[in-house]
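The feature FAD binding site is assigned by TrEMBL to 57, 59, 74, 137. Here TrEMBL flags 129-233 as domain 'Oxidoreductase FAD/NAD(P)-binding'.
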């Protein structure tokens with residue numbers, strides 16, 4: 001049986017909920033249909049708030065099998081959806097949809113930009129990634145695929161967080177970096193004095209420090225909080241990266 005089509009609704013059961021940082025849980029869902037997502041693809045959780053108003057959010061899993069997937073989700077106390085997720089008990093059922101993202105990675109350095117309307121792939125030698133917080137998940141899914149399949153794609157990840165305790169998937173990223181010579185990971189923290197690494201916010205000078213010189217064989221990607229995304233999009237432009245995609 002093939003995986004469920006995009007935008008089709010399916011039911012999933014919560015079978016795992018582990019707190020992995022002070023404000024983030026790793027949720028594991030068992031689907032009733034085949035839903036093996038490709039790198040950087042995501043799914044949408046469909047819920048209603050206490051007033052019956054629809055609240056839908058997209059998430060990218062870090063593990064996707066035929067009928068099981070895992071995703072880290074940060075809980076925002078004032079948010080409309082995540083406080084509901086935090087209170088869910090094991091065996092709770094949710095409605096979801098498979099969604100197509102803004103970037104598809106096919107393997108072997110092949111990317112499709114805007115795959116919903118475009119089927120032509122482009123080849124890039126180098127992928128730059130700037131992520132903040134839980135925005136690491138789409139980048140991680142590509143990193144995982146590249147390293148496990150030994151693709152030649154050169155990957156440079158700049159991962160921004162407030163403090164070291166906010167960093168997600170650090171052990172897994174370290175493992176991939178040790179095993180995958182074409183992956184370089186750099187962390188930057190803006191609220192941890194004394195941190196032995198890059199401190200402050202992502203700036204053009206930081207890009208010049210951690211990324212290789214720009215060329216036409218590069219694709220720049222990013223995912224993070226809205227305010228950060230606006231800044232990063234402009235930074236890529238100023239860094240002369242010609243192809244830039246927000247996950």
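Quick reminder: no glycine exception, Cβ is built from N, Cα and C everywhere.
Keep in mind that TrEMBL annotations are predicted by a computer and have not been checked by a curator.
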Whose Cβ lies within 8 Å of the mean position of the Cβ atoms of 57, 59, 74, 137, the FAD site, other than those residues?
58, 60, 71, 72, 73, 134
Using DSSP and collapsing to three states, where does residue 57 (FAD binding site) fall: helix, strand or coil?
strand
Ten-angstrom check, please: count other Cβ atoms within 10 Å of the Cβ of residue 57 (FAD binding site), all chains counted.
16
Inside 10 Å of the Cβ of residue 59 (FAD binding site), count up the other Cβ atoms and send me the figure.
21
